[in-house]
Amino acid sequence: MERIKELRNLMSQSRTRGILTRTTVDHMAIIKKYTSGRQEKNPALRMKWMMAMKYPITADKRITETIPERNEQGQTLWSRTSDAGSDRVMVSPLAVTWWNRNGPTASTIHYPKVYRTYFEKVERLKHGTFGPVHFRNQVKIRRRVDINPGHADLSSKEAQDVIMEVVFPNEVGARILTSESQLMITKEKKEELQECKISPLMVAYMLERELVRKTRFLPVAGGTSSVYIEVLHLTQGACWEQLYTPGGEVRNDDVDQSLIIAARSIVRRATVSADPLASLLEMCHSTQIGGVRMVDILKQNPTEEQAVDICKAAMGLRISSSFSFGGFTFKRTSGSSTKREEEVLTGNLQTLKIRVHEGYEEFTMVGKKATAILRKATRRLVQLIVSGRDEQSIAEAIIVAMVFSQEDCVIKAVRGDLNFVNRANQRLNPMHQLLRHFQKDAKILFQNWGIESIDNVMGMIGILPDLTPSTEKSMRGIRISKMGVDEYSSTERVVVSIDRFLRVRDQQGNVLLSPEEVSETQGTEKLTITYSSSMMWEVNGPESVLVNTYQWIIRNWETVKIQWSQDPTMLYNKMEFEPFQSLVPKAARGQYSGFVRTLFQQMRDVLGTFDTVQIIKLLPFAAAPPKQSRMQFSSLTVNVRGSGMRILIRGNSPVFNYNKSTKRLTVLGKDAGALNEDPDEGTAGVESAVLRGFLILGREDRRYGPALSINQLSSLAKGEKANVLIGQGDVVLVMKRKRDSSILTDSQTATKRIRMAIN
């Protein structure tokens, strides 16, 4: 108290007040506050104060050799007095202006390469078109979106290795570049950035933008591909939207789109094969999208779509723990349930065995055009809050939720028999039977559901069985909301298992995905999809099957030829001949097969009747289960171009045409490849030339294993014996000579010996 009184006394004298309020601050605590640490405490003030000085900048001494002391107007650019406390020069802001106008220029060649993503964005915006602005309520839902157009799909670890290798090649540290894309990008970037003067850190940062997918969980109403997300702030507000068409596409969006199309085609095709899982894996491994192996894309691409996730599960990759039903992604947000089997009777008195989930659970449902929150108990829908773009989308969500609830009134609303089948002609499981039934017609379902009066709740309205909105009444437990339901944000992935029929289950045994969930929507892929698997030949129609089958035989002729003579049954069962069967008229398949197999047997038995071209031509017909009959054919029919076309047993036709002079085969006018051996040449020529260095011992001896082709002989050791298939379908036993000197005489001897061995 005393001190305060004293201070008050002092302040009452005007001179003291002047001293205390006007003199400089030299209190230690304050000085400490503003001078301790490197962090500037008042940057704005510091800047003003510095710039008011004549020489606020310091620079390296070398600057005096590059910049004149005075500019054209005679103003001083740098001071001759050194900066206190360092050996740097004090420089005027005018020096910066001089440098910008007259200083040295660097090459700009690397800028578009390093800042590629920015340059491309400008181009997209320049060529994009902005349409009118519409004012309306925006139903936005948060989705995980790609915010970085034009990137490759490397993991952050892979990208880190590439960046280190490109930007800091001499730094110590192990870098393992294994994937094809890593090696390709590294090579390309090293070439592009030779002599680059842009700061390495900046180059590294920009490379990261180019190599890694960046995702954010953002509210979106409309397009979710990265070229729309980059202009999100321009195209949608709280109550308005602006139509926009991007001025260009980027590869990452194209990869996502093409991957979905390829995965759907593959799952659909695998479903109808004898072993769906094995077929699916074979197709994934032999397919390329835009020149990149599909399995590599699947490992890196985070796209979540039913077919894509089935392919990932088959490859042993982790996928999202949400499950799919009726085209909606369900994520349980609370509650739990146990499963038990229960038999129920439909309105048509058909018995269905369904797996009932007992217990109270809450789910979010997210679809392409509608989202919902579902609360359910055992076989009872408690509440469903739906939001969607239009009446149709809302109806779809309601049907799926009603079926999912397994309420008795759903099962009783079934009229007629449930006998929906999948592509492989197998009956669908009961839940999908119900779903398909009501997706066709849900009138009775909605009418039987029941109606209730509703309270007036902000942002919610009712919906009647005819799908009209109402503020007084609604279908029991169902409301329409203006607000969307956010997609599940977590990027967590779980270990799953997949069975032979492509049903994907989590570790608790819940089915997350099945082929029934794969959309039938067909799009046109943005990138070229190359299906090398024979199972996908039919994707492009009958002509493609025909051409591909013959191309395959010609490409693999060496091994086909051996199997034809040694193990024909195994050859006939090859899956590469499966697609061809769909081209042969059903009634004729067995007869054609029996006829061709008999013909082939005669060729094997009767000397000198081996005919390469004829074997290639007729081989696919022998793959069907044969019927024994005495029928002879001069031509065989295949269904292409909308009608039956004939393949002649002897001679050429528009379907199958072999040109002797060029040794090339054309199928329906398309080139199917060249035969490397001359089908008409006698035994002596090619074989004896190739058999130099081998001694022919006589006819085939099975103890020495299956027949090799001539090309495989080189792997024999000296003195080793082997059976070998020579041009006309005959097999002889040979031994590799122990000495090289006698090779010259071999060709004459070989010719004689072959004749002797055969005869």
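Note that the numbers count up from 1, one per residue, in the order the chain is shown.
Cβ atoms here come from the backbone N, Cα and C positions, even for glycine.
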Message = Of the ranges 388-391, 660-663, 736-739, which one does Swiss-Prot flag as motif 'Nuclear localization signal'?
response = 736-739
Request  = Show which residues of the chain containing K627 (site 'Mammalian adaptation'), separated from it by at least 6 in sequence, have their CB under 8 Å from its CB.
outcome  = G590, Q591, S593, G594
Note = Whole-number mean pLDDT, the motif 'Nuclear localization signal' (736-739), equals 70
Request  = Please state whether DSSP places K627 (site 'Mammalian adaptation') in a helix, a strand or coil.
outcome  = coil
